[in-house]
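Annotated in TrEMBL:
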type	residues	note
SIGNAL	1-24	signal peptide
DOMAIN	31-235	domain 'Neurotransmitter-gated ion-channel ligand-binding'
TRANSMEM	236-258	transmembrane segment
DOMAIN	243-444	domain 'Neurotransmitter-gated ion-channel transmembrane'
TRANSMEM	270-289	transmembrane segment
TRANSMEM	301-320	transmembrane segment
REGION	354-380	region 'Disordered'
TRANSMEM	429-449	transmembrane segment
Amino acid sequence: MGPGSHRLSLGLLLLLPLLPDCFGAEGRLAHRLFRDLFANYTSALRPVADTDQALNVTLEVTLSQIIDMDERNQVLTLYLWIRQEWTDAYLRWDPDAYGGLDAIRIPSSLVWRPDIILYNKADAQAPASASTNVVLRHDGAVRWDAPAITRSSCRVDVSAFPFDAQRCGLTFGSWTHGGHQLDVQARGAAASLADFVENVEWRVLGMPARRRVLTYGCCSEPYPDVTFTLLLRRRAAAYVCNLLLPCVLISLLAPLAFHLPADSGEKVSLGVTVLLALTVFQLLLAESMPPAESVPLIGKYYMATMTMVTFSTALTILIMNLHYCGPSARPVPAWARTLLLGRLARGLCVRERGEPCGQSRPPESSPSPQPPDREAGPPAGPCHEPRCLCHQEALLRHVATITNTFHRHRAAQRCHEEWKRLARVMDRFFLGIFFSMALVMSLLVLVQAL
């Protein structure tokens, strides 16, 4: 080791006692600055040199998280970072007199703070002061950053639920200082969303800021405030899967009751089952929605579907009465036979088995009675003459009785078949009508999700 190395080591040994003084100089200067600033300072009075001068407060809000949106109670809970900046005329110093120290951080309870609160708060508890520090600069500028969990009232409009968008305003202003004493300004045109945590139910479209100056009935001086309007749009995927799609499928199932055979005995049971299922979903929806004058879109869809199912069940009962018309029923009216069994049956392709579509069934000709064979052998009777008139008259009476009975039976059977055919035509007609209504209503609601 050479002589130069010995001289360097000796210099370091001589400087070691001076290092604690160098490292502790900033701390001692900060303590001296703190004692000088707060020797005659009070946080009870507004820190302005001229009492007629208004103190400007700049407000900046950063949205961090949407904690809860209570639609029933119309309360919005947010986690915000609130930054307030103002100038304190009594907290200034020369940085050169304190070793270049230009800023210090001190507890916020030591300095005067503006009484800016949330006007439309919906919390029963008194606002608690955040125990955070303030940054104090040498020119008197004070910056106070504090986190806050706010519960604000928000008018929720659920008329388009679950495809609705909400506008919730958060109004901040001074509670006791008017505009001549404290002026509130917003920093920037909107709140910051840089640190926002995405919400699973709501999509944030923006949070613009707007300054207003209002005069209230209690006071003559104006009061400025800053309103941050949170623009929200609901994420409807979960509601579509859990509430809307089951209702759509059930509504498309309801018209199929007209396609069930009447002899199955399940036509009315299907309609009643569908109606009960829709009622259950309606109750689930009513539990989550606030009681309001405006009915949600999905609620309107439920009511329209339930009304349609009710009418379809009632029509099914009437059609079953037509189907089970007995032999003693009156014949089908002529206009119904022409319009319904003729044109409408061909248009709806209602045909008998083996009958081609679009053609009406040819009218059945009633069988005419055949005269008895006079060449037959002599009938048994008291008269042994084969051509005795008594035998022919008795035979004709028996044949006429059998023929009339057969005609009556065939007429009653034909009347019964016509009523059954009429019931099938009405079933096919209402199947198309109600299925089209259910499909159109479902498409109108699902289009809102696009």
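In case you wondered, yes, glycine gets a Cβ from its N, Cα and C as well.
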Folded-back contacts onto the transmembrane segment (301-320), same chain, C-beta under 8 angstroms, at least six residues removed: 244, 247, 250-251, 254-255, 257-258, 262, 267-268, 271-272, 274-275, 278-279, 281-282, 285, 295, 423, 426-427, 430, 434, 437-438, 441, 445
Long-range environment of the transmembrane segment (270-289) - Cβ separation under 8 angstroms, sequence gap at least 6: 71-72, 158, 161, 243, 246-247, 250-251, 253-254, 256-257, 260, 296, 298-299, 302-303, 305-306, 309-310, 312-313, 316
Average pLDDT across the domain 'Neurotransmitter-gated ion-channel ligand-binding' (31-235), rounded to a whole number: 90
